[in-house]
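Positions annotated as repeat 'I' by Swiss-Prot, on the basis of a curator's inference: 110-454. For 178-188, 424-768, 821-830, 1484-1541, 1656-1665, 1789-2009 (among others), the entry in Swiss-Prot reads topological domain 'Cytoplasmic', with the evidence type a curator's inference. As annotated by Swiss-Prot, topological domain 'Extracellular' applies to 270-369, 788-797, 913-938, 1305-1313, 1561-1571, 1689-1711 (among others), with the evidence given as a curator's inference. If you look up Swiss-Prot, you'll see CYS277-CYS345, CYS336-CYS351, CYS921-CYS927, CYS959-CYS968, CYS1376-CYS1396, CYS1741-CYS1756 marked as disulfide bond, on the strength of experimental evidence. Residues annotated as intramembrane segment in Swiss-Prot: 370-384, 939-952, 1416-1433, 1712-1726. Here Swiss-Prot flags 456-466, 479-492 as compositional bias 'Low complexity'. Annotated compositional bias 'Basic residues' per Swiss-Prot: 495-506, in sequence order. Per Swiss-Prot, repeat 'II' is recorded for 750-1022. Residues or ranges marked as region 'S1-S2 loop of repeat IV' by Swiss-Prot: 1561-1571. Taken from Swiss-Prot, the feature domain 'IQ' covers 1915-1944, and the record attributes it to sequence analysis.
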Amino acid sequence: MEQTVLVPPGPDSFNFFTRESLAAIERRIAEEKAKNPKPDKKDDDENGPKPNSDLEAGKNLPFIYGDIPPEMVSEPLEDLDPYYINKKTFIVLNKGKAIFRFSATSALYILTPFNPLRKIAIKILVHSLFSMLIMCTILTNCVFMTMSNPPDWTKNVEYTFTGIYTFESLIKIIARGFCLEDFTFLRDPWNWLDFTVITFAYVTEFVDLGNVSALRTFRVLRALKTISVIPGLKTIVGALIQSVKKLSDVMILTVFCLSVFALIGLQLFMGNLRNKCIQWPPTNASLEEHSIEKNITVNYNGTLINETVFEFDWKSYIQDSRYHYFLEGFLDALLCGNSSDAGQCPEGYMCVKAGRNPNYGYTSFDTFSWAFLSLFRLMTQDFWENLYQLTLRAAGKTYMIFFVLVIFLGSFYLINLILAVVAMAYEEQNQATLEEAEQKEAEFQQMIEQLKKQQEAAQQAATATASEHSREPSAAGRLSDSSSEASKLSSKSAKERRNRRKKRKQKEQSGGEEKDEDEFQKSESEDSIRRKGFRFSIEGNRLTYEKRYSSPHQSLLSIRGSLFSPRRNSRTSLFSFRGRAKDVGSENDFADDEHSTFEDNESRRDSLFVPRRHGERRNSNLSQTSRSSRMLAVFPANGKMHSTVDCNGVVSLVGGPSVPTSPVGQLLPEVIIDKPATDDNGTTTETEMRKRRSSSFHVSMDFLEDPSQRQRAMSIASILTNTVEELEESRQKCPPCWYKFSNIFLIWDCSPYWLKVKHVVNLVVMDPFVDLAITICIVLNTLFMAMEHYPMTDHFNNVLTVGNLVFTGIFTAEMFLKIIAMDPYYYFQEGWNIFDGFIVTLSLVELGLANVEGLSVLRSFRLLRVFKLAKSWPTLNMLIKIIGNSVGALGNLTLVLAIIVFIFAVVGMQLFGKSYKDCVCKIASDCQLPRWHMNDFFHSFLIVFRVLCGEWIETMWDCMEVAGQAMCLTVFMMVMVIGNLVVLNLFLALLLSSFSADNLAATDDDNEMNNLQIAVDRMHKGVAYVKRKIYEFIQQSFIRKQKILDEIKPLDDLNNKKDSCMSNHTAEIGKDLDYLKDVNGTTSGIGTGSSVEKYIIDESDYMSFINNPSLTVTVPIAVGESDFENLNTEDFSSESDLEESKEKLNESSSSSEGSTVDIGAPVEEQPVVEPEETLEPEACFTEGCVQRFKCCQINVEEGRGKQWWNLRRTCFRIVEHNWFETFIVFMILLSSGALAFEDIYIDQRKTIKTMLEYADKVFTYIFILEMLLKWVAYGYQTYFTNAWCWLDFLIVDVSLVSLTANALGYSELGAIKSLRTLRALRPLRALSRFEGMRVVVNALLGAIPSIMNVLLVCLIFWLIFSIMGVNLFAGKFYHCINTTTGDRFDIEDVNNHTDCLKLIERNETARWKNVKVNFDNVGFGYLSLLQVATFKGWMDIMYAAVDSRNVELQPKYEESLYMYLYFVIFIIFGSFFTLNLFIGVIIDNFNQQKKKFGGQDIFMTEEQKKYYNAMKKLGSKKPQKPIPRPGNKFQGMVFDFVTRQVFDISIMILICLNMVTMMVETDDQSEYVTTILSRINLVFIVLFTGECVLKLISLRHYYFTIGWNIFDFVVVILSIVGMFLAELIEKYFVSPTLFRVIRLARIGRILRLIKGAKGIRTLLFALMMSLPALFNIGLLLFLVMFIYAIFGMSNFAYVKREVGIDDMFNFETFGNSMICLFQITTSAGWDGLLAPILNSKPPDCDPNKVNPGSSVKGDCGNPSVGIFFFVSYIIISFLVVVNMYIAVILENFSVATEESAEPLSEDDFEMFYEVWEKFDPDATQFMEFEKLSQFAAALEPPLNLPQPNKLQLIAMDLPMVSGDRIHCLDILFAFTKRVLGESGEMDALRIQMEERFMASNPSKVSYQPITTTLKRKQEEVSAVIIQRAYRRHLLKRTVKQASFTYNKNKIKGGANLLIKEDMIIDRINENSITEKTDLTMSTAACPPSYDRVTKPIVEKHEQEGKDEKAKGK
């Protein structure tokens, strides 16, 4: 941060780069080299200085540097970045202030930076026109590339392009140098692209390389150059590359999972898809054809005779496709299988494996690669229903399980993981950008502080002199006046302005006293305010300022925070930077240019000079005469502008008056700029305005009574007008003359009469009721447009036409009236009005051109009116905003996507275009190009777009068939992976991030009400008033209810008092001011008068206040502190606020923040009881019932009442008993199961039918009994207030009704039959019984409101497309077909309907038919759009649309080709946006619900939460007892070998190799290969058996304590058995090879050992964590499928078999229904299942067809039921369940990522315990201190402590128990602490771990630590010190003693003395030696117990002390 401040910013920081500069740099480099000759590279990179990110090449120069002096533009300058101070670089700045950085070394060894040629090259390079030229060239080039057969002259154009690119590269190379230094040509990866493109251009030109088209495709890469030219794109591409890097782990995991699944598929289905139905026995003709002559020699009675025998050739017969069974309209023969549940062959055919695989032979499981492709297709869910149906038909229905696993684990999980990863990458990048921006902001603040200090210092003297002359009006003013005086950035104009002001001030100081106040006021307002260029930001990011007065850097300096925050204030901004509670509006609300820079937030907000203001801001009658104040009134305030104007166009001033500082002028009380509600368009009546204004402030009376003050206040209007004019001018985008023009012509205020008219019009048009009426008109108009259909009667058509005219008239009138009321100038200042104007104009144009052909499209523009609803519909508004936002953010992304699509489209066209033309007969029987080909650019584009939609497999088959497999696979996979996965997911990530909880919750800004709400509100008030009057009238007639009247009266009194006391103290505040609005519009007013006595609500009414909307409660607030200032509006925005306020009242809390008066507490506080399981029944009836019907009240103390009570208690006990509940659940399951038997065959199975009928009765009686018991036990009140009970009740009712009907013999009635189908709802009762499902359902119900809201918005959105579709295609899909072949007649034969009718008259084979799913009316339009949005059945609709010509005309092939675009646009907006919006809403909703539930997962029950938490922290593991090492020597050796890691890894490698050999298997391999593989397999079996045996030997019976071992054992046994009994097992069971695949799961164990696999571990961990929740969702999905299956069986069992319904996939039996429904869960193939159900009358179906074995007649479907069935199922399963899946996975993925990002993960703890086992074999949980050092070294990072580590361990202060042992938790904890560092969290973690440990180890040895390692060390050291001191003391004593003895014995003989002396010296030496050894021992920190005795240390020291003493003596 400091670096940026080093170079003083400002214009004088630029210096030319000269030879001297270069010499200086070289000198600096030399100095540095001399200083440190060997720089340590690594260290330098880490901590060294980094380049400044703001001064990177390519970025724009930060404005802090000011303007570049003109002579320095495009010239070499010294580098500004301090990082490059000793690097040979220089920079060049162009006019646009972009930075270019060059190397200062010689380019190409010859051109120095000062060479004129290089200088010219640099000038060209940095010029903006140069990049423009290149850009245009690239775009033109792209246009030429899209030509499929370019004419000859394009060759020259090619040369031109190549020439321009060569010129560009040469310029770059000359300017930059080629490749050696930094910043040279090849150092930029984007230039590599250029280089290769140019090289290829020359190579292909001069060298003949054969296949040119492949090389020509390289030219396409030029399109990528656009990315390098447009700056914003580079960042997006950066983001893409980032997300791809992040995806690497997911990709590995995906490939791994797919491989495993592919292997399983290979083993299960190898060769199955080649089973065909072959005609058998063969006919005579075929016998002859396939017989071969063979000459054989027969020994006939010993004579050899040559005979010719005809032998049947079986092989050639089965390969001949003529004898295969084909269904009509299918390319491939019908598949079949030999198992009982597989597809069966028709009569006369048998099932044989022959011929090729389906789909040109590309769909199969015959080899690993094809199986992998099939699984990839399954994962991406493209046309997977086809694969599913083929496989089930060939292998059997049981294999549905395989698909369920793949779809749920593979598809949903992996695809969503990709989404999660991309979203997180995006999120991280956003976070980084934000942090960077905040850091910049901080740096900027710092710079400003610095400047400020410098300037203040420079100003000190000047200020001193100035202050003698003039007293400044405000401190703030003085500060800022001086502050920018000496600023480098201060521009000339600003200085002039200051001088002018100074002169003026001096003048005023001298002569101002005599001047009249008002006149001064005028000069102040006119001059000073006018001249200070008001800065003001629009949408927080366009910083505009007055050009005439200030230069850019001057005013930019004054923008305090908003510099780096584009979109800071827009509500929809993805991330808010820093919430400022007080600033509602734009950053610098009214801040003056110079007054806002250096004050802090608070003072800045008061910095506008204006006198105090009058209470009423403007008087309505004055307003019409003074132009300026009117301008103030209607200054538009749309949502985008953070202006000072509230929603009525009135400046709102909030805050009390400030005390005048001097008579000269005073501060305007803080001006808050209210950001008006986006939905408001300034249309509010005068009274509403006044009301709102009055609610904005509260001024004391004495202030207004002072005449001079009032006089001055009157001029406020003019001043504010000036302010507003300033604001206007500050936003000027056009030259002033335009403004002059608009003032004259566009603001109409010529005559007073006109103004009166205008006033009246204003009153009318701006009234909320008018708004309401207009909204109703919009809705009606939409309805009218939606009523168009085909065929329509003339009368109906006329009604619609007239209606359209009327509505057009109404909207036109509205527009003109608004223009009159607002003046054109202001009318068009607002977005909504422009929108209205646009639509009205279009409608008028369309009326004029109504009869012109081809312009009917204009009618579609009328649909945009629907969007006007957004004004008053917040969610729609939000959706549009999110789309707008995303499109803003997506602008660049869309460009990248467009470039990718373009490149691939061109590549496809260049590579495959010719092949499609040449080999077309391979894929089309009539040798015409199919609809999907790549022969021209448009079709190629469509194919790429289709791939992006996720449909790639079918077009890829065609491509592979015509152009070869390898190329097609590569291209399609690239489009798929790059385009689909990455870009679409980035798209999703953007959508998700533009969603944030507050978007949905608080859609209304600032609690503003829009006019619609006001109008509705008024109506509510009116109704409430009428109600109350009637109520009072009734009450007067019934005195019985006098009590209620008494309640209401004081309330009314309070209201009246409120008004009177209020108006006494404030300047005109609206009378009908409401604070708390009830839902029903009744208000709880808030009284203000200290005289008002508390109104105490008694308890019952206290509750009824909440429940009874017509009871108003007044809550007094003391006058002085009412919260008026803070309330801008009188209404709460949404019911949620209301709920909150209700809750507040409910809690009897104070009603106003500062209020001294509370709501009276209820007389008795109701104790809130937790609803525990009470053992007594509750009351039978509600209190209301008991009051009305006295008979309901029973005395339960005596007589019959008591018996009744006892009965109830008995029932209660029964119902509450666990067994009762279990029994009922069992019954529910049984009865649901019984429903599954009622299929198509029920009539044939008489016994089952009879049983079911009886069972049904029994179940019904049981359920009725249960219901009665519950009624008696719980009482009606409890029973009927529980939603689950209601569900039970209704379902029992259905059974009861159908039972009764059966008994009475009405069972065949239609109504009863349909009622019987409702029995399918029975399983729903299971919901409330299973907690897992109930949890999910509750979560879903919580999400329903917002899901419905979005659903509605999507419906509106789709409505537009649907109506447009009706306009474009209604009646045009009819076509004439030949009923025998089913083909369409050619347009030559049949041109229109009449031709077709003629054909029908002549012969019967023709038919004029419509496509089943069409656009004939809006309803069908919706259905068609749903098919397009789910990409199922959309082809037929698109083909019909593309072929359509006109109503009643026969369609023609690709007649209106560009109708494809309608679908493309719909897919982008209708499908991508809206469907992804669902995902957004659901995820968002669940996050909100999680917050509500305290952050717990809402899909899990308590039990599962426990499992989840256990998974989350395995810290709860206890040290396990390891398997003891066997005593036997041989066994011991084997044990050591088996338990080594190497052994595990080698086994792992063997498993992988085994997999590889399995992958090599193919279906048609030779005998030789088969034998080799079986031998290899044998080897593996031997090896695995060996492993098994070894482990058994070494581990003994412990072998079976480990799950994996048991699994291995089983696999080995099966393999051995399988070798001998292979045929037998395969016949009855699954092939045993399958189990080997499952062994791959063992890889999971190895992942822990691989360091690099951390990411994959995280992903698997996320999956493990998601499992419980996913299981619940799966359960719910199963329940939904079950119910729908039963329903489908009862409704669609007999429909005609066609399209998607056939002998295997139908609704005839329960199993088949489930198979179909599972397929539709991913919305696959639902169009095929729906099509037969749409047949409702002949000739499509036969209503009288007899179904054998059943009484039901006909095979027609019921279209309405069918559509409802499928659409509801798709919405429930696809949108809800699948998206819940996504939500769970995203959630857990982020949790898992956070976990893995933590320094310590589960694995580390696990590893700790694994190592622990080796050191503590008996699992005592303790370890001796001396082992600790080795243990710490044996751990793996991050926990390990490499040796030597003794001192560190001692310093850890570990608690020890007797025997010098330390507990494992203490060690783990200390190590953890070392990794994480000290923090408050550590203590929490410690407690948590201990609790967990205690819980998981009840056997935990309770221990009391005696000491700690540190204490022990301290004790040792102290002991040593004591010893030393004592020895020293001893020595002294000895010496003393010796000398004494010596002196004493001096007299005695000398020999004796010598002996003594020796003794003393010995004694001294001895002492010092022990001291030395002691020292070494302690410093080496040997294990403290020297004698290795585990005695407590104290004893030991005592003992040692005694020894010493003994020695001493």
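Using N, Cα and C of the backbone, Cβ positions are placed for all residues, glycine too.
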Proximal but sequence-remote residues of the same chain as CYS1741 (disulfide bond) (Cβ under 8 Å, at least 6 apart)
VAL1695, LYS1696, PRO1732, ASN1735, GLY1754, ASP1755, CYS1756, GLY1757
I need the nearest neighbour of CYS968 (disulfide bond) among the disulfide-bonded residues CYS336, CYS921, CYS927, CYS1376, using C-alpha distances.
CYS921
Across CYS277, CYS927, CYS968, CYS1376, CYS1756, listed as disulfide-bonded residues, the smallest other-CB tally within 10 A is for CYS927
Check the Cα-Cα distances from CYS921 (disulfide bond) to the disulfide-bonded residues CYS277, CYS336, CYS1396 and tell me which is shortest.
CYS277
Do you know offhand how many angstrom separate CYS959 (disulfide bond) and CYS336 (disulfide bond) by C-alpha?
28
Indicate the candidate from CYS336, CYS345, CYS351, CYS921 with the smallest number of other Cβ atoms within 10 Å of its Cβ, considering only these disulfide-bonded residues.
CYS921
When you put CYS336 (disulfide bond) at the centre and draw a 10 Å sphere around its Cα, which of the disulfide-bonded residues CYS345, CYS1376, CYS1396 have their Cα inside it?
CYS345
If you count other CB atoms within 10 A of each CB, which of CYS959, CYS1396 wins among these disulfide-bonded residues?
CYS959
Considering only the disulfide-bonded residues CYS351, CYS927, CYS1376, CYS1396, which fall within 10 Å of CYS345 (disulfide bond) when distances are taken between Cα atoms?
CYS351
What residues in the same chain, six or more past the boundaries of the topological domain 'Extracellular' (1689-1711), come closer than 8 Å to it by Cβ-Cβ distance?
343-344, 389, 392-393, 397, 1236-1241, 1316-1317, 1320, 1719, 1725, 1727-1733, 1735, 1740-1742, 1747, 1750, 1752, 1754-1758, 1761-1762, 1765
According to DSSP, which kind of secondary structure is CYS921 (disulfide bond) found in, if we only use helix, strand and coil?
helix
Taking the Cα of CYS351 (disulfide bond) as the centre, which of the disulfide-bonded residues listed as CYS927, CYS1376, CYS1396 lie within 10 Å of it?
none
Confidence summary for the topological domain 'Extracellular' (788-797), mean pLDDT rounded
92
For CYS1376 (disulfide bond), just give me the three-state DSSP call.
strand
Express the distance between the Cα positions of CYS277 (disulfide bond) and CYS1396 (disulfide bond) as a whole number of Å.
39
Pairwise Cα distance for CYS1396 (disulfide bond)/CYS927 (disulfide bond) [Å, integer]
27
By a Cβ-Cβ criterion of under 8 Å, what residues six or more beyond either terminus of the topological domain 'Extracellular' (1305-1313) are in contact with it?
1297-1298
For the topological domain 'Cytoplasmic' (821-830), what does DSSP give as the number of helix, strand and coil residues?
7 helix, 0 strand, 3 coil
Just to be sure I understand, if DSSP states are collapsed into helix, strand and coil, how many residues of the domain 'IQ' (1915-1944) fall in each?
30 helix, 0 strand, 0 coil
Can you tell me how far the Cα of CYS927 (disulfide bond) sits from the Cα of CYS1376 (disulfide bond), in Å?
23
Secondary structure split (DSSP) over the topological domain 'Extracellular' (1689-1711) reads 6 helix, 0 strand, 17 coil
Which of the three DSSP states, helix, strand or coil, fits CYS1396 (disulfide bond)?
helix
